[in-house]
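Quick look at what TrEMBL annotates:
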type     : residues  : note
TRANSMEM : A:62-83   : transmembrane segment
TRANSMEM : A:134-155 : transmembrane segment
TRANSMEM : A:176-197 : transmembrane segment
TRANSMEM : A:251-272 : transmembrane segment
TRANSMEM : A:279-299 : transmembrane segment
TRANSMEM : A:375-394 : transmembrane segment
TRANSMEM : A:415-434 : transmembrane segment
TRANSMEM : A:475-500 : transmembrane segment
TRANSMEM : A:521-541 : transmembrane segment
Amino acid sequence: MSDTLAGLVSIAALVALLALAYRPLGDYMAAVYSSDRHLRAERLVYRLTGVDPRAEQSARSYAVSVVGFSLVGVVLLMAMQLAQAHLPFSRDLPGVPFWMSFNTAASFVANTNWQSYAGESTLGFTVQMAGLAVQNFASAAVGMAVAVALIRGFTRARTGNLGNFWVDLTRGTLRILLPIAAVGAVLLMAGGVVQTFSDTPMDTLAGHGQVLTGGPVASQEAIKELGTNGGGFFNSNSAHPFENPNGYTNLLEVLLILLIPVCLTRTLGTLVGNRRQGLAVLAAMGVLFAVSLAAVTAAEVGARSQAAQAAGAAMEGKETRFGEWASALFAVATTGTSTGAVNASHDSLTPTGGGMVLLNMMFGEVTPGGVGSGVYGMLVLAIVAVFIAGLMVGRTPEFLGKKIGARQMTYVATYMLVTPALVLVGTGVAIALGSTSDALGNPGGHGFSEVLYAYTSGANNNGSAFGGITVTSDFFQITIGLAMLLGRLVPIVLVLLLAGSLAEQGRVPTTAGTLPTHKPVFVTLLVGVVVVFTALTYFPALSLGPIAEALA
Amino acid sequence: MIKDFSRQSLAALRMLLVLTLLLGVVYPVAVWAAGQAFGARAEGQPVEVDGAVVGSRLLGQQFEGDAWFHSRPSANDHDSLASAPSNLGPSSTDLLALIDERRATVAATEGVDEGDVPPDAVTASGSGLDPHISPAYAALQAPRVAEANGLELSVVADLVEEHTDGRSLGFLGEPGVNVLELNVAVLEETRR
């Protein structure tokens, strides 16, 4: 079988598997969040945590819960890292430096999983599995809870209440993430992903020293992909043969990455009582994903860079068992969602490939986006789209039976400004500092791209990197750490306030004058809004980095 | 608001402790227990020679000299405690110089034209621990390895074939030759 045919069949297989899961998983998730029943295990959790599962929360109270849960998570995770030397299974490693522990804690709580450390040389097994992996679950469950709260804003009328955060968090974790992650971990081990609790030093065949590194990798790998987290157990992430040993595990990991973000659009359609609305949102995501995949694949397979031409193929930073096709698919899936796991070096991608994955993050992580964050991000963009359409025809915009007024647009406009401000201000300040040039792994325009990529990845909660840049200085640890936390929590608070303001309204009846938001015309408009908004925001920055490099 | 925040934060702390016990201890241990069914497969697939572990079939190693098949270039000298790619950019002059240098070295080592050196022989992998080389790079090295070990080329070529991992399920990923297993097979062949 030729590489091209194998690559195309792999993509077709991925699409088929997602299509198979779409209805059952999407409807199951809708049922999880709208059920009145509590499982026995859940009742135990509520008793242990002192939560009243029947209590409804206002938008404000829901937001306080999310922010409180996140900040407590940061503190707890920092404490574990700082105290690492005293924890069991720590491989004799010392405590993590203070600002690195802050950056890492912020990163995992914010579902970003930016990594300024190298897992195998910095962290013991306890911090990895009882610290980082726990936040892999929790941060993903938070994202889904916020998406569901926004959907409730549309489906509920004349109430200030959005549900109960603790119930949504517990259900998302116990009924959705944990069962799928457990199955995923077993399927990954079947493919050769390791799950041990020890390292084995040895002499290699040619007499060099090497350590057969172990660790609870499979359990962490499954949730790392499923929760669109992306923090690798090892420094080289899913390029490492123990995290991703072959083509089968690679496709499984891409499937886990896309599974929940894609199926949540069905959940959306089911909950709002219009499944075509879910499909319309998915279509907008899918169009952007497909264009991106085509561009990255063409650039990588076509060896469109100086280095690739010199070597004969774009194999720098890629693994033999994946080649260009599977590396391009992984790169687009991981940046189109807010995952940030990598199975190849993004820094060494061709200029078009690297620029495209950067653009995927700049879209705001909506193609199809992170677990939960993709859906709420795309719904916010959909509101912008109906607003623009409303301006064109001179009608008060409506979306899913709710009026979009000044209050809603204030939340939406602020949401749209937060992440770009964090990215561009962060990049600008970093570039203005003389010390930054010493931190770059590559000179010139590509070095600029490394900085732009870092802040784009942090503020959009992706977590992948143009890894040549050294980000262990206090400046980068603190500023990227803040970009991740603010890029996560500020949009979430705005989404919840938006949801609350929608839930307070009554429903407006659909009339002949209502813009249908489940038809191809609207999908086109939505895609246009995403592209135009991103282009207007980032074109100057992009032209200094990847565009300049591609034209050189 | 502040009262609400502190009350909620207490619930958050309790929730995190419960989740840590369930997701951070019970879950990974349960996965480990399930992994026992897969034996060495979930333990990094150690490779033994004369009863001693000499590596993992999944971790690339450093080989030099004529008697061995060589791995791909590694940005971290195959250090499994520091897995990493080079992260050199697509227009990096450093990378272009490295590619030229590697091409000349491989061509000289194998006694072939520079134009015959395959891409994976001149590029560093994504992990620095790539266990595979392309079938083309293995074919390029086979005559040298056969001669250095006093083996027939056809015998070595058969070993290469035998230790080539095809695409998973016939279509996922790309074929590669497992360098460690191939070198172990060559070693065993010379001992016959």
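Glycine residues also receive a Cβ, built from the backbone N, Cα and C atoms like all the rest.
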Q.
Looking only at the recorded stretches A:62-83, A:134-155, A:251-272, A:279-299, A:375-394, which one has the largest tally of CB-CB distances under 8 Å to the transmembrane segment (A:176-197)?
A. A:251-272
Q. Which of A:62-83, A:134-155, A:521-541 has the most Cβ pairs closer than 8 Å to the transmembrane segment (A:251-272)?
A. A:134-155
**Q.** Contact between the transmembrane segment (A:279-299) and the transmembrane segment (A:521-541) (at least 3 Cβ pairs under 8 Å, separation 6+)
**A.** yes
Q | Remote residues contacting the transmembrane segment (A:134-155) - C-beta distance under 8 A, at least 6 residues beyond either end | A | 29, 33, 59, 62, 66, 69-70, 73, 77, 108-111, 113, 162-163, 165, 168-170, 172-173, 176-178, 181, 220, 223-224, 226-229, 231, 260, 264, 267-268, 271-273, 370-373, 375-376, 379, 399-402, 492, 495-496, 498-503
